[in-house]
Amino acid sequence: MLKDGRETGKWIRVMTAHRMNLHLVSDATGETLNSIARATVSQFEHAQIIYHRWSLIRTRFQLHRVLEGIEAEPGPVLSTLIEPGLRSELENFCSRIGIAVVHVLDPVLSLLQHHIGEQAIARPGRQYVLDADYFRRIDAMHFVLAHDDGQAQVGINEADLCLVGVSRSSKTPTSFYLANRGVKAANIPLVPGLPEPPGLEAPIVPVIGLTIDPEALIEIRRHRLKLIGGQPNVQQNTAYVDLESVKAELIWARRLCARKGWPVIDVTRRSIEETAATVLQLVEAWHERRRSLPPGG
């Protein structure tokens, strides 16, 4: 909402926040809706969204609680309900009280049904069945725990990829995010003055470097020192958080990656999700190059 206001004798335009209830109704965990809602709401800088999350809604009794909540706190409804009877009751109720409802999976389901030539089975929570993908994610998580921060380097060639970088360059959170997608990611710290980690001497998996702006890295490291009980006023002049030392450390790591032919991702302004997506693109490119090599090349 825009309002006019006066400041130093001039008219200015002031943007005020718009408050809105948003109901997320799911017959499973609600993870899909949460992701969609976050992605869309993030495009509105001045919105103040009050989320009402309704998960595991699979019976009429459970749905009636939702309808009472929507009536008490009116606002648009996003739904991933599959069962036709529940969908119809939700739609009719929202229509009566003038509330918009969107079944967010419908456009994708319609598209796939048309191209596949098969009707969707309409069963809630199918993405959470304990299938091979589920167990692959669990296996990847165990792998990351065993190979985090340079541990068990002898097993690096069992990984799908290896992340390298200086301390606090987001190797660990990126590895765990990838594990949640079923990707086994080892990660090894690069430390100036120490011998090259043995796991990196002749890796047969893609190795990807992570780097970061020195000022941002120093801020992360200072925060880390606070969390582990360090005293920033004493530690701030050490090499760990000294600007020139950190710059030299990052340059050294970049040169090592360049010498080894490892691609480098700057994570300074990237979310973990964006970094992971770029990592997977680089891994795919690595495999494409390998496939294009002649036998024995």
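Even glycines carry a Cβ here, placed using N, Cα and C.
Taken from Swiss-Prot, the feature ADP binding site applies to Gly165, Val166, Ser167, Arg168, Ser169, Ser170, Lys171, Thr172.
Of all the Cβ atoms in the protein chains shown, 26 others lie within 10 Å of the Cβ of Gly165 (ADP binding site).
Neighbour list (Ser170 (ADP binding site), Cβ cut-off 8 Å, at least 6 residues apart, same chain): Leu210, Ile212, Val267, Ile272, Thr275.
Put plainly, the binding-site residues Ser167, Ser169, Thr172 were compared by Cβ crowding within 10 Å, and the winner is Ser169. Each of Asn187, Pro189, Leu210, Ile212 belongs to the same chain as Gly165, Val166, Ser167, Arg168, Ser169, Ser170, Lys171, Thr172, is absent from that list, and has a C-beta within 8 angstroms of the C-beta centroid marking the ADP site.
Comparing the binding-site residues Arg168, Lys171 on other C-beta atoms within 10 angstroms of each C-beta gives the minimum for Arg168. In this view, Val166 (ADP binding site) is surrounded by 23 other Cβ atoms within 10 Å of its Cβ, with every protein chain counted.
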